[in-house]
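Accompanying notes for the structure given below.
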Amino acid sequence: MKVLILLGLVLLSVMVQGKVFERCELARTLKRLGLDGYRGISLANWMCLAKWESDYNTRATNYNPGDQSTDYGIFQINSHYWCNNGRTPGAVNACHISCNALLQDDITEAVACAKRVVRDPQGIRAWVAWKAHCQNRDVSQYIQGCGV
């Protein structure tokens, strides 16, 4: 019985952790999903963004007490503007999706929402981590050796 409980806890922790992409695996996935060059943004910039926002973790979340919003998923997309979590006051939900969709191992919906974000006037500058860690920097290291 103890073994079954322990096994259940281990499986639960794996399910909660989500998928943490390997760097080149994510680069290939983002390229396949059409992010390389989307709105003039290089694949290396998207990779830098994902590294600094979530460390390539699909289940990453970050609560923002100021506006009571939460950032979700590999791109840390915010519930105040882009998705609906049912808890953020005055949420816009411009991507027309549940925030939980941004936490899936299959990042297709997260990529579609990220594309929606960069269509706004701020573009990729909407992400603070991109401005702090990627803007005006050599970001080639994020795709180096990946063959993309």
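Just so it is clear, glycine is given a Cβ too, placed from its N, Cα and C backbone atoms.
Candidates considered were CYS95, CYS134; Swiss-Prot assigns the disulfide partner of CYS113 as CYS95.
Among CYS48, CYS83, the cysteine that Swiss-Prot records as disulfide-bonded to CYS134 is CYS48. Residues near CYS134 (disulfide bond) in space but far in sequence (CB under 8 A, at least 6 apart, same chain), listed by position: ASN45, CYS48, LEU49, TRP52.
Of all the recorded positions in the record (CYS24, ASP71, CYS83, CYS146), the one with the smallest CA separation from CYS113 (disulfide bond) is CYS83.
Counting only the Cα atoms, the space from CYS146 (disulfide bond) to GLU53 (active site) is about 20 angstrom. In the three-state DSSP reading, CYS83 (disulfide bond) counts as coil.
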